Structure formats: structure tokens, C-alpha cells
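Student: Dumping the structure here so I can ask a few things about it.
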Amino acid sequence: MKITAIALSSILPATVAFTSKGPVPTQTAMLAADTATVPSPEKPIFDPLGLYSANSPERLDGLIKPLESSTLSATKEIFDPLRLYSDQSEVSGEVETSAALPFLPRPALLDGSLPGDRGFDPFNFASDANSLQWQRKAELKHARLAMLAAVGWPIAELMHKNIADALDLAPLLASNDRVPSILNDGLSHAHFPAFWIATIAVAAALEITESVAENVSCKLNPTDYDFDPLNLGGKTDEQKRFMQEAEVFNGRLGMLAIAGFAAQEFVLKSAVVDQIPIFFKPLNVAFEQLMTSGAM
């Protein structure tokens, strides 16, 4: 009898309770039914950059976790081994941390509203609204130049000599056909002083023109210069946001690429297109060059 009673007591919570109106599911059965109606995604999508909007089909279908804010939850303590923070309450208390650097607090002005904002400002360059706008404009300008330079650098090493010969001019490449840079002393060419004077003059004229014009669009959104001749900026707000973030991310990658090109050529004393010819030259030429150099 004891064994029968124990068995019945273990079964009863999962059974239904009967009332005068008929069987009513117990709480356990109701939870089980609710759980069964929610399909679990078979192939979840990893989206750490938040490129999928909150209303995208992927998020609505449960394939991606709900969108998080650009910062982590305020439940972590700051890691400060060098004691950079004079106010230790910022270190020991619960603070809102940066998504990019979760051991540092989120900068007050980096709230995720700007494209590409992941709360990364460890040196507090954007200390106020004017500084933030100036820094964002500077980042975008350098990013756009870097993307152009990342394409132009290998093209110059591949085609500059042929163009110079066709125009009966002396080539301006540095030794070993490298793009001129400060690191390889390529900027000491006789023609470069005039080039730098012209470059600085054009840049100064553009900056002065922009300051005088006081473009309202640029003030409201420092990434917007009303330049989209191919209409690639997107039509909806989601498309525009995606393209703006893509520009920022690719621009940052371009700045790293240019720094990498200059460092590689300084260390290896050869052109980038010769270091990794398979990316820049026809396959037959690339394989022949790799075989000759002993890389294969």
C-alpha cells in the first residue's frame, strides 16, 4: 500500500484535476502545452553588430536574439588595474558598460544613436556634443579617404610605371616599386613638396567652404554630405541605417588596411602586390611569382 501511495503521489501533479465542470489542466500541464507551441529555431543567426532590424523576418521568426542596446547591462564592475579612475565608486559600483569594451563604462554621449556606435571611446575624445560631432566628421572623412587609398595603393603599384612610361614621365614609386610613404622615404622626391602644398591648399579650401556654408544637414547628421549620385543610400530608414553602418565599418577597416600596407612594406622591403600577388595579379603570374620566390 505504501508503494502504491508513493507512485500515485508522483503521478498526480502531471494529471488533470476534475471539477464539476469537467477536467481542468493543472499548472504543470499548461506550462508543458505552452512550451510545446513555441518552435525552437534550428539554425540561429549570430548578429553581434545588430545589422538585422527589430522588425526583420529573421528576428520575428525567432532566429536571432532580441536586439540589445549598444551597451551591456549595468551589472558589471569596471576592471581598472592601473587605477585610471580617480572616483573609485565608478569602479566598484554597478555601472552601464561599453559594448566594445565591457570592462569600461559606456561614454555618456555614445548611446548607440550614431551609425557604427559601439561605445568605444577609451580616451574620452568625445567629451561633449561639439567634440562628438567633430570627431565623427573626422572619422568619416578619414574613413572615406582610407577606402579610396586601400584600392588606389595596389593599383598604383601595378599600373604607375606603365602610365609614367606612356606619358614619358619619370615614375614616382619608391624603391622596389613601393608606394611612397614616410616609412620608406618615398616622400623625399623632388616633386612631392609641390604636391603637398597643393593638397593642403585644396583641403583647407574645402574645410573653409564647409564652415562658411553651415550645412544644416551636416549639423544634424555629420555623416550626411548629400553625396549619393548612384542612389545607394537606401530609401527606407532601415536601409539608410544599414548603409551608414556599412560605410563606417568598411571605413575603419580601410584605415587599418592602409596602416598595414605601410607597415608591411617597411618591414618586408617589397611592394604589397608582390607580397601577396594572388590577390592582385593574374593567377598564372601570381603562381609563377610564388614558385620563383619559394613560397610554394
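Placement of Cβ uses the backbone N, Cα and C atoms for every residue, glycine included.
Fair warning: this is a prediction, and the values are worked out from it, not measured in the lab.
What TrEMBL shows for this protein is this:
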SIGNAL    1-17  signal peptide
BINDING   E139, H142, E247, N250, R252, Q264  chlorophyll a binding site
BINDING   R144  chlorophyll b binding site
Student: What is the interatomic distance between the Cα atoms of R252 (chlorophyll a binding site) and R144 (chlorophyll b binding site), given in whole Å?
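Tutor: Spelling it out, the Cα of R252 (chlorophyll a binding site) and the Cα of R144 (chlorophyll b binding site) are 9 Å apart.
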Student: Fill in the CA-CA distance, E247 (chlorophyll a binding site) to R144 (chlorophyll b binding site), as an integer in Å.
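Tutor: If we compare the Cα positions of E247 (chlorophyll a binding site) and R144 (chlorophyll b binding site), the gap is 8 Å.
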Student: Measuring Cα to Cα, how far is N250 (chlorophyll a binding site) from R144 (chlorophyll b binding site) in Å?
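Tutor: With the alpha carbons as reference points, the distance is 9 Å.
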Student: In DSSP terms, helix, strand or coil for H142 (chlorophyll a binding site)?
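Tutor: Going by the DSSP assignment, H142 (chlorophyll a binding site) falls within a helical segment, counted as helix.
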Student: Sort out the sequence-distant neighbours of R144 (chlorophyll b binding site) for me: same chain, 6+ apart, CB within less than 8 Å of its CB, listed by position.
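Tutor: Non-local contacts for R144 (chlorophyll b binding site): E247, G251.
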